[in-house]
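Q: Would you mind keeping the following structure in view while I ask a few things?
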Amino acid sequence: MLVLGIETSCDETGVALYDTEAGLLAHQLHTQMAMHARYGGVVPELASRDHIRRAIPLMEACLAEAGRTLKDLDAVAYTRGPGLGGALLVGASVANALAFGLGIPVVGVHHLEGHLLSPLLADPKPDFPFVALLVSGGHTQLMAVHGIGQYEILGETLDDAAGEAFDKTAKLLGLPYPGGPMLSRLAEEGDPRRFTLPRPMLHADSLDMSFSGLKTAVLTLVTQTQATLGEIDETTRKDICRAFQEAIVEVLVTKSLKALRQTGMKRLVVAGGVGANKQLRAGLDTAAARRGLEVFYPPLSLCTDNGAMIAYAGAMRLSQRSPAGSFGVAPRWDLTTLPRP
Ligand code: KG4
Ligand code: ZN
């Protein structure tokens, strides 16, 4: 079965072709980062308009890359939610119009299910069950995943998502939007011993997390440092980035290990944009190796939003005859309410 996947939930237009026999055949992405950078964040109306411009050309590029035509498609999958209403409507309209015109099924995919299943596009891929650490710009959750659609939330952030904390802290340090990846690059050159920031809820019994206090702690540190040093110099900025990353990574690694202990599971799957963070990957790999646990990641290019994860999740839902939703969008959508196959 050949599935076209379309992702338009936020500021990336992603289109991909996934074949249930041959695997991922093509994957094209356009990021709107540069367009939103001058506003310091995503402008929803501009995002929607840009998705309109990009969706069809990206689809044509995907078909060309795979040497296929529209007639070869067996189904179309699109991100139904959660995300920006207007942006989602673009993907929903393109997908439904295409599917209607071609007389093939269409399936609305949950964006987080896409992220959650994206490590299954890697080789080797994890078997069920596993603990999933979902760390994106909008969500931070630890989940017990027993199978497709069998998602049990073990813990989640009580305030900011991990990616949001990266982005807000980066903004506070004067880095351009979206600051997460740049903050993490600067952190690599920072001194981990110069500053220490709090590890919120590190030793709490629950698997819940909280990251908004960390951002406030960075603000306090910046103000104090400015009072003593005057302007923040490049070295100090890198050291603050490092202190922030050390704190957030320690919380994510500790909570993930606790979730594995609590469930007795041996496999951890990491998904979402922050899963691209090198220090997080190194921290999880080291901790897991010491305990005989396995950690799985999506291919690096599929950590952030993309069409491949939507095509894959759509293909899984269709092959199990358990579509999660059809025409329409769901800007707010709880992952645990998805149907079980
Ligand atoms: O999954 P994603 O592409 O979009 C959402 O569904 O939210 O995640 C985007 C988030 C942003 O907050 C971005 O700053 C963060 O992932 N991110 C990173 C890195 N790469 C992306 N955060 C830390 N380190 C990175 N290398
Ligand atoms: Zn995402």
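For all residues, glycine too, the Cβ spot is worked out from N, Cα and C.
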Q: Among Asp159, Asp160, Asp167, Asp191, find me the residue TrEMBL lists at the same substrate site as Leu134, Val135, Ser136, Gly137, Gly138, Gly180, Asn277.
A: Asp167
Q: Can you find which of Asp305, Asp334 TrEMBL lists as binding Fe cation at the same site as His111, His115?
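A: Within the candidate list, TrEMBL flags Asp305.
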Q: Out of His111, His115, Asp305, which of these binding-site residues is nearest Leu134 (substrate binding site) by C-alpha distance?
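A: Nearest listed residue in space: His115.
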Q: Do any residues at least six apart in sequence from Gly180 (substrate binding site), in the same chain, have a Cβ closer than 8 Å to its Cβ, and if so which, in order?
A: Gly137, Gly163, Phe166, Asp167, Ala170, Gly273, Val274, Asn277
Q: These are the binding-site residues: Ser136, Asn277. Which one scores highest on other Cβ atoms within 10 Å?
A: Asn277
Q: Should we count any of the binding-site residues Leu134, Ser136, Asp167, Asn277, Asp305 as near ligand 2, judged by a CB under 6 A from one of its atoms, and which?
A: Ser136, Asp305
Q: Among all protein chains shown, how many Cβ atoms are found within 10 Å of the Cβ of Asp305 (Fe cation binding site), not counting that one?
A: 26
Q: Round to the nearest Å and give the CA-to-CA distance linking His115 (Fe cation binding site) with Ser136 (substrate binding site).
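A: That comes out at 9 Å between the alpha carbons.
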